[in-house]
Amino acid sequence: MLMYKLTVIILSLLCNTFPHPVNTEADLLEDEETEYSNDFLVEISGGERVARSIADQYGFRIEDQFHLDEYGDVYHFVHDEIEKRTKRAADKHRDLLLSHLQVNHVEQQVHLIRDKRDFTPKELEEVLVATIKREAIDNTHSDIEKRRIDLEKEKLTARKDRETEEDTRDIVYDKQNELEIETYKDRSVFERHYTEENDMAFKDGIPSPDTEDDMNFIDPLYRDQWQLHNSQIAGGKKGMNLNVVAAWKKGFTGKGTVVCILDDGVQHEHPDLKKNYDPEASSDFNGNDDDPTPRDDVSNSHGTRCAGEIASEANNSFCGVGIAFDAKIGGVRLLDGKVTDKLEAKAAIFKMTYVDIYSASWGPRDNGKVMEKPGRYTQAALKEGTSKGRHGRGNIYVWATGNGGHMGDDCGADGYVSSIYTLSVGSINQYGLSTYFMEFCPSTLAVVYSGGKHDPKDRHEREHPILKVVTTDIDGGCTENFQGTSSAAPLCAGCVALALQANQNMTWRDVQHLVVETARIPNFKEPGWEVNGAGKHTNEKFGFGVLDCGKMVEVAQTWKNVGPQHTCVSPMQKENKKIDSKSTISMTMSTSACQNTENRIDHLEHVEVYVRLNTSRRGDIQLTLISPAGTRSELLSLRPYDDSKKGIDFTFMTVRNWGENPRGTWTLVVKDIPLNGRENTGEITYWQLILHGTDAKAERGRSARPHKDEDEMQSAFVPDPQTVKNMMEKEEAESKEVVIKKLTQAVTNALPSYDSEYLQKEIREIIGAILDKTIPKANVKDVLQDLVEDLQLYIANRDKENRGGQKSKDNLRQAVGEVEESLNPAKIQDGKLANARRLVAGEDAMLQSNKEDHSYNSFHKTDRQEDTDNIRTMFKKKYGLSDDDIDMLEKLAKRMFSA
């Protein structure tokens, strides 16, 4: 033990002369904001008896203890003689503890400031209308910041008037300014904005027959949940949704999965939550009990809103529907009091074997000034959750990227979002555009539709309703007002719950792979799309694209797990290169990616870059990593409000190299771009690459979309807008092709075998035309139904002429029954198949009265051209189609009546 202690002391001395990417919790915070507590986390060897002896010896008491594989037993010591809150570290007491031979590490806890990422304040939005472009770095920034601070002070003062003195003492994190709560009972977005004049703007529409929304939920605000099923009732662009209905129709509703909301609590007695609430997945870390119910305060509605997005009960005539409405939901009350590294760490591994998914819509302050990563124990907890949670398959941690875009913030400076163990997700609006408050960084994996303005200066956006998220609210209410990346993370968590129901064997890395493989380009017009060296489209705003829940479920059902994770760490590269104002420095590092070792990597997943540099102004530093394939990742962008002189000692992360071969030369580019002509000085001292990925041998034959072989790796490139459009259309076409195959099979199954192959091509063409919007999508099932019925009737009558009436009647009745089964009429409104049933009844009557000729002529006259004209007239009149719209229909009609 003595030798061990001496080794620890020697290593601690070496750390003062050689950099290492592990910092103490206080080192990660700005000096003026650091607030120490009288709490210490102490790593002790020898068990609880030894720990109590040490606590007594140095005047401490043990408050709590927990275990982490990386650090062993960790004890929470409290020293009552130290002020609860102080700006100074209690170095004397820490050093006394460290002097004991069985104490391995001591860390005094600091109170962490945490932002809930639910929105941007309305008042600030008005101030920002003329200023908030990320590139607009000018003197107005100081005025905006002053206004923001004033707003926060006003809100804080108002809250203090409402709260008790004791409550106020416990609230040390930053509470964002809340929008006014709007509670709706019977009046939806549709009713508030609908008029006869804009009837067409709200016309019902669906993205494809396979995802047609016929779920028939009776929850009154379901029609306003545009991100789940964008029928345009609430507005927005047709087809802009998460394709959840496709997953629901396959029977996947989150059943059997458990999601835990890490937040300010969950009001589990809410009418829309109580059925799916799971007390086993819940706790109160602020109040030290098992009930996560938040204080009855409008500022504590955040967790309840997040929970409702995921697991609101379906068909209970209240509010809306959760994206995984059969999943179990729990909550850890964490943010409604002082937050420390200990609380965050314990929350991250709370019931990690029982819980599947954790959703976190918070993080360090989104003010464009803070650069902070998880503390020592939270980092270890995230690692442990992904390695041991879910019985070794790993917990999924979904994290909101942040709402500091309007402050020039960069989520690359947020170590929670840029952790390899979290699935970071951003927010886009109903037009598939990025939101102005969203932060951009290369660690973002995907985005979801959750609403918000793209550009507050845009007149169209200011004059039209900006759709947000319908969800549960405190006091048993509902809101249609939830937005920000806070509302994005629960939607993503809900999609993951559906995928895990489809395949519980997926690991945490499989889920991230699933997102990468199935995410779609939401809008080709927004710039920033690139194609990496593995042929995957990426964007610093959108990650790999917007989630497609239906596709995730479909792919998950046959998913084969990825190979084991390999990690290859490069040597720490010393640079000592001076950074002058307006200068650009490029440094290279070559790597074999640990070839010929057990850590060999052929296909990348995450790439981490540790950087240590000093600078007179951190906000003027831009960091860019370039892979051997040429993929660029802007690890850190300029941040106009970041005046810190502390420099950078941080590990950044990018997913933009996903699938690439890492072997070759990597380049790190450091730029100093000063504001207002100021003169900066700085120096980069060290940088390091930490590569994560898989061995090609473990991946071979695993995926339907195999990685490219080493000699097939392409160079990354920036596609032109037309190429991006083509990629987006190809993804849509791939999805459409699946639908065409299914519908074609449903139609041909209802036809006699000798006609199936003959009509296959024409059937596919007409279904393709329907999906290409030749026919209004709201009428797809009606059109298909009538097409099938006409085909059946013609064939039945032909059979009748050749083989007799009873045979024809049986054929027709069987065919209609098969169509009913194929098109799932149980969910279609009564009367949709009335025409088919009338045909059967008419055939019965016709046979009984021996009027075959009259019946035959009433449906299919001997003049084939007249038959074709009749069909054209029927569809034109019934569906309001133009002659051009019916051209594709005519092809099939002519084939029907060709002898």
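Cβ atoms are placed via backbone N, Cα and C, with glycine included.
Lifted from TrEMBL, the feature list:
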| type | residues | note |
| --- | --- | --- |
| ACT_SITE | Asp263 | active site, charge relay system |
| ACT_SITE | His302 | active site, charge relay system |
| ACT_SITE | Ser486 | active site, charge relay system |
| DOMAIN | 562-697 | domain 'P/Homo B' |
| REGION | 271-304 | region 'Disordered' |
| SIGNAL | 1-24 | signal peptide |
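Distribution of TrEMBL features across the structure.
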| residue | record | DSSP class |
| --- | --- | --- |
| Asp263 | active site, charge relay system | strand |
| His302 | active site, charge relay system | helix |
| Ser486 | active site, charge relay system | helix |
Revision key, fill the gap. Spacing of the two Cα atoms, Ser486 (active site, charge relay system) and His302 (active site, charge relay system), in whole angstrom, works out to 8
Point to revise | Pairwise Cα distance for His302 (active site, charge relay system)/Asp263 (active site, charge relay system) [Å, integer] | key: 7
Point to revise | Helix, strand and coil residues within the domain 'P/Homo B' (562-697) as assigned by DSSP | key: 8 helix, 74 strand, 54 coil
Check your understanding: Residues with Cβ closer than 8 Å to the Cβ of Asp263 (active site, charge relay system), same chain and 6+ apart in sequence?
Key -> Lys116, His302, Gly303, Cys306, Gly331, Val332, Arg333, Leu334, Leu335, Ala360, Ser361, Trp362
**Study point:** Predicted model, mean pLDDT over the domain 'P/Homo B' (562-697)
**Key:** 95
